[in-house]
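Have a look at the structure below before the remarks.
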Amino acid sequence: MASLDRVKVLVLGDSGVGKSSLVHLLCHNQVLGNPSWTVGCSVDIRVHDYKEGTPEEKTYYIELWDVGGSVGSASSVKSTRAVFYNSVNGIILVHDLTNKKSSQNLYRWSLEVLNRDAVPTGVLVTNGDYDREQFADNQIPLLVIGTKLDQIHETKRHEVLIRTAFLAEDFNAEEINLDCTNPRSSAAGSSNAVKLSRFFDKVIEKRYFFREGNQIPGFSDRKRFGGGALKNFHCD
């Protein structure tokens with residue numbers, strides 16, 4: 001196969017939320033049989049057809065960088081991990097739908113990426129809330145994915161999905177909730193597949209068409225990030 005243009009997408013979230021299983025599902029359309037802890041960073045490739053079915057269709061490589069570790073790691077570990085955050089074109093934030101703390105920690109993961117070069121205007125305070133100040137000049141496309149949907153009891157599902165909708169709204173991002181043990185969760189033609197394709201198209205557009213030849217430093221089209229619904233969202 002001829003060399004293809006590529007984009008780099010970080011996959012961030014707490015250990016145990018299912019990032020490795022998600023990446024394997026997205027890249028190979030198969031369930032990962034024996035997932036293990038990611039040490040450092042693991043990279044896999046998804047082949048994506050940009051604007052599939054149109055005259056502008058073109059095939060790209062999507063590099064999915066599964067970053068391991070904990071958001072509460074020592075500063076030395078975060079400093080080492082920051083090397084993976086260079087030249088990022090998109091970010092997938094992954095949380096476990098059965099674990100509220102993993103959802104809350106997505107804000108800290110996001111700040112860790114943004115803080116690699118400069119201090120943002122939004123700050124983390126001791127009670128876990130975030131300032132509603134705008135992050136200036138941040139245009140990296142984001143997607144929020146909740147895993148382990150199959151483990152949410154039907155009686156709790158509505159409550160959980162409302163909470164995740166608020167979470168995605170805070171990031172001004174689309175959300176996907178799925179079961180990584182079921183390949184049909186992201187099968188072609190499904191609503192999840194449509195959202196994924198739309199996200200990857202946006203990442204490619206930002207990288208290759210929005211500002212030709214330049215990396216874009218932040219989150220895409222953000223009005224405000226970090227506060228919003230989180231003011232009413234606390235972990236037990």
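Every residue gets a Cβ built from N, Cα and C, even glycine.
Copied over from Swiss-Prot:
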BINDING   GLY16, VAL17, GLY18, LYS19, SER20, SER21, LYS148, LEU149, ASP150, ASP179, CYS180  GTP binding site
REGION    1-235  region 'Small GTPase-like'
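Non-local contacts of GLY16 (GTP binding site) by the CB criterion (under 8 A, 6+ apart in sequence, same chain) comprise ASP96, SER102. Mean pLDDT for the region 'Small GTPase-like' (1-235) in this predicted model: 83. In the shown protein chains, 26 other C-beta atoms lie within 10 A of the C-beta of CYS180 (GTP binding site).
Working note on the binding-site residues GLY18, SER20, LYS148, ASP150: by count of other C-beta atoms within 10 Å of each C-beta, GLY18 ranks first. Max Cα-Cα distance over the annotated GTP binders (GLY16, VAL17, GLY18, LYS19, SER20, SER21, LYS148, LEU149, ASP150, ASP179, CYS180) is 17 Å.
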